[in-house]
Each structure stands twice: as structure tokens, then as C-alpha cells.
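> Straight out of Swiss-Prot:
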- HIS20, HIS98, TYR189: Cu(2+) binding site (BINDING)
- HIS178, GLN187: O2 binding site (BINDING)
- 264-280: compositional bias 'Low complexity' (COMPBIAS)
- 291-327: domain 'CBM1' (DOMAIN)
- ASN317: N-linked glycosylation site (CARBOHYD)
Amino acid sequence: MKSFTATALAALLAQQAAAHSTFQQLWVDGTDFGSQCARLPQSNSPITNYNSNDMRCNIIGTRPQVKCPVRAGGTVTVEMHAQNGDRSCSQEAIGGAHHGPVSVYLTKVSDALTADGSTGWFKIFDDGWRKNPSGRVGDDDFWGTKDLNACCGKMNVKIPSDIPSGDYLLRAEAIALHAAGGAGGAQPYMTCYQITVSGGGSASPPTVSIPGHFKASDPGVQVNIHGAMTNYVIPGPAVYAGGSTKVAGSACSGCEATCAVGSSPTTSLTPPVSTSTPAPGNGGGGSPGGCTVQKYGQCGGQGYTGCTTCAAGSTCNTTNQWYHQCV
């Protein structure tokens, strides 16, 4: 019995670890920008302290030196996968029955390269929950994360047409609720993208602070999805009037359905020139434009398109074929 229990526990832990994920790539009106403007997290683990400033943009491993150009009224497509640099559809974007809502926020900043996310945030997108008439419990119902899995990790998000032009952080968040029956059990996964919006208006959406956009005791955060459900309240504020929502369980559309790696030429962005020391052994011969990766950030790997030069005092180490890290 002890042997069985230990084996089952080990299998469960392995499944949970494999199910961890990160938002990694960004498409803009169908153009693939890869991870160039994504503040890639150090790991694919969730943030468990809801009061931490890490709730804003995660524990950042790679801070890019570029911003993705986005037009007001356009559509961006965030992309999530389990392993860094792995954009295949052979495994779920967020597996292990990690069901829950997906939300996207914006915050207006003076410079997306240096902003810390302490400015006010407003929600521009939700994909939450819908009852499955054929299901018995919440696990069987339709969820935002299931839509991510159905669309190879992609989720279309409309940029409001009336927000002011300028720099923003765009924050994608998925909340896994498989262990949310007790306080603190919900698992938020988030990534921030650095963008510059053009052609905007003069709207001033109401904002909330992050951390603080939800509490551990909120009904959409502490919830048992393993029993029958009759309703669900998505955590955080309401979606701004100029934003959009997706009905959970609806079909993939637009870029969700048609955008695949190689279907659109990846647009390369030019970062500001900086002085850096090339990192040996990364196979890239240095980074384009002179950008640098801070210690413990990603510097290479299959499918990776960001900076490959480590900051002085660290070198690019090959962890596996998908992930090289400055150490």
C-alpha cells in the first residue's frame, strides 16, 4: 500500500509539473512576432502569493529590449505552451486538467521597456466558463484554458480602438482551478508583453491595482470545480467596454485557427544599441542589435528568437534543446 501510494503521489506530482505553462509568443494582426517582446518568466510555475508584485508580470527571466507595434482596434493573439520555445501542438498548451479562465489586461506606461507594472490595469478580454449540458461536474464544462488547448495555445484579443496611443504592458493570465477548493489553491500563470499602440483615441478606462485585482476568498478564485456548477464569476474587474469576450467552448477563429509557425514570416524588431559582452557557446554569435539577457534569463533554445547575449558576468548554458539560460 505504501509503495502504491508513493507511486501514485509521484505520478500526480509529475503530471502537475508537466501541466505548468507560460504565455510565450505574440501575433499582431496575424503577423508572428514570436517571443521578441515577451517578458518570459524564469519558469513555467504559477505565482502562489496573490499579494506579491510578481502577480503583475511573473518572476521575469528575460526582459526584452524591443516593443511590438500594435494598432488600436487591431487584434493580438497570445500564445501559451508548456515548455519554453516549444510551439508544437502535440501536447496541450496547459494540460493536467488545469481548467480555468483566461483574461488579458493592459496598463498605460511611459516606457514599456522599463515599466514595472505599478500603474493601473484595465481588463480587455475574458474567456471564462460555460455549462456543458452533457457534463456532470465543473471539470466537464467549457473553460477558457480548454479553448487554449483546442487552439494550439492561441487566444485572440481585440485591442480597444479608443485607448490612447503610446506604450503599454499587455498582461495575459490563465488561472488553473484544479486545486482551488481551498484558500490559496488557485494557480495563476501570467506573462507581460511590451507593446506600442498607434492610432488610438482619448479614452480613460477605469483601472485596478495588481496585486489586488482579486483575493484568495473571491468566489471565482476559491471554487470547487470537481462538483456540479451552476455559475462562475471570473476573477478581477469587468472587461472594459472597448474590449471583448469569448464564449467558452466556441470554435477557434481567425489567427487561432489559421496562424501556425511558418504561416507568416516572423517580423524581426530592432532593439536599442547597447554595450554588451557576447556569451560563448550559444551558437548565435551574439545578439542582434546588442541587446542583453540578465542572469538566469533565457538566451537560446530551439525556436527561441530573443536576445542571445548574456550580461557581463554570466554565460549562456544549454539546459536542454528548448531552453538555454544565462548563469
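Using the three backbone atoms N, Cα and C, a Cβ is placed for every residue, glycine included.
Help me picture these features in the structure, burial and contacts included.
Around the Cβ of GLN187 (O2 binding site), a 10 Å sphere holds 22 further Cβ atoms from the protein chains shown.
In the three-state DSSP scheme, ASN317 (N-linked glycosylation site) is classed as strand. Taking the Cβ of ASN317 (N-linked glycosylation site) as centre and 10 Å as the limit, one finds 16 other Cβ atoms among all the protein chains shown.
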> Whole-number Å distance between the CA of HIS178 (O2 binding site) and the CA of HIS98 (Cu(2+) binding site)?
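If we compare the Cα positions of HIS178 (O2 binding site) and HIS98 (Cu(2+) binding site), the gap is 6 Å.
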> Under a three-state reading of DSSP, tell me whether GLN187 (O2 binding site) is helix, strand or coil.
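It is in a strand.
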> When the number of other CB atoms within 10 A of each residue's CB is tallied over all shown chains, which of the binding-site residues HIS20, HIS98, HIS178 has the maximum?
HIS98
> Out of the binding-site residues HIS20, GLN187, TYR189, give me the one sitting nearest to ASN317 (N-linked glycosylation site) by CA distance.
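Smallest Cα separation from ASN317 (N-linked glycosylation site) among HIS20, GLN187, TYR189: HIS20.
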> So if I measure Cβ to Cβ from TYR189 (Cu(2+) binding site) and keep only same-chain residues at least 6 apart in sequence, which ones fall under 8 Å?
HIS20, SER21, THR22, PHE23, ASN44, PRO46, ILE47, ASN58, MET80, ILE94, GLU173, ALA174, ILE175, ALA176
